[in-house]
Amino acid sequence: MAGNTIGQLFRVTTFGESHGLALGGIVDGVPPGIPLTEADLQHDLDRRRPGTSRYTTQRREPDQVKILSGVFDGVTTGTSIGLLIENTDQRSQDYSAIKDVFRPGHADYTYEQKYGLRDYRGGGRSSARETAMRVAAGAIAKKYLAEKFGIEIRGCLTQMGDIPLEIKDWRQVELNPFFCPDADKLDALDELMRALKKEGDSIGAKVTVMASGVPAGLGEPVFDRLDADIAHALMSINAVKGVEIGEGFNVVALRGSQNRDEITAQGFQSNHAGGILGGISSGQHIVAHMALKPTSSITVPGRTINRMGEEVEMITKGRHDPCVGIRAVPIAEAMLAIVLMDHLLRHRAQNADVKTEIPRW
């Protein structure tokens, strides 16, 4: 099975399944001499961790990460960093009824078509449980980017269902279980989630992730444009069905005179491009959005087929998120951090000696 690694100089490889013994990861390309402890990774893992809110799955995993290699006396050695998170709260019996049935909207059918078999326990490798290791690896990148370059990465929920959420106050994001920046909408979100749980249904969401302090010049045209790699990374997250950079699809309704980010002696006058021009960072905030589908793990009866091709009706049992977009916020932050760190290392490797007289803001 290919496709388990992302990055070129900063490379992250993950392994493990939802109901396996553990999740693991190998992080290559971390420079030596960076102070790093398990506590540095645990904060973001706790933000993603299941069972911490009545609005998310009640699978209770401590997600305690162990650093197995690549760190000595509290600092990175420059060698591969091995990471491990044990699975401790599996209920594989919840999935025995779907052993021979393909859940509609899930990867069951396509995994079996590709591999001829599948781990039906919680989706196996296709489960979003895998993203815990991405968050751990992303925390390493976030720490390096922040401490060495002053780059800050943060994300929030900007829409749930038909409820838009304006970015009014970033401080609010960590003060509520929705990662919501609009305190005025918390009651509406609570009401929606309660209704979904009662109905046994789910809802989609939009997550926005932003990076500030990114220097101009990151990105490798033409196939490894910065926005292309960000889109690739975000699209690799479970349930993501669309990615926008900057204004995204809103540019369809704009004119060139409205959309172009004009430049004065004081700097850029707008940021419709989301901080990336020609696939290269402009020095402005990098802004990306991703749309997450409503999970198909619901108790509303649905039609599907079994291995024999017979039509059956099924209800998904187990513990699931009514809105997977909530816990996707730290995952999006991690993936953006991984891409930015990889591109920063690549830029320094080729262009460290480049000097220009062009203003930077």
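In case you wondered, yes, glycine gets a Cβ from its N, Cα and C as well.
Per Swiss-Prot, the features are:
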BINDING   R48, R54  NADP(+) binding site
BINDING   R125, S126, S127, N238, A239, G278, K293, P294, T295, S296, S297, R319  FMN binding site
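Overlay of Swiss-Prot annotations on the structure.
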{"residue": "R48", "record": "NADP(+) binding site", "Cβ within 10 Å": "24"}
{"residue": "R54", "record": "NADP(+) binding site", "Cβ within 10 Å": "11"}
{"residue": "R125", "record": "FMN binding site", "Cβ within 10 Å": "19"}
{"residue": "S127", "record": "FMN binding site", "Cβ within 10 Å": "19"}
{"residue": "A239", "record": "FMN binding site", "Cβ within 10 Å": "20"}
{"residue": "K293", "record": "FMN binding site", "Cβ within 10 Å": "17"}
{"residue": "T295", "record": "FMN binding site", "Cβ within 10 Å": "23"}
{"residue": "S297", "record": "FMN binding site", "Cβ within 10 Å": "20"}
Measuring Cα to Cα, how many Å separate S297 (FMN binding site) from R48 (NADP(+) binding site)?
19
Work out how many Å separate R54 (NADP(+) binding site) and T295 (FMN binding site) at their Cα atoms, rounded off.
17
Using DSSP, would you call R125 (FMN binding site) helix, strand or coil?
helix
Mapped DSSP class for R48 (NADP(+) binding site), helix or strand or coil:
helix
Quick one: what's DSSP say for S297 (FMN binding site), helix, strand or coil?
coil
In whole Å, how far does the CA atom of S127 (FMN binding site) lie from that of R48 (NADP(+) binding site)?
14
Cα distance, R48 (NADP(+) binding site) to T295 (FMN binding site), nearest Å?
17
Determine, using Cα-Cα distances only, which of these binding-site residues is closest to R48 (NADP(+) binding site): R125, A239, K293.
A239
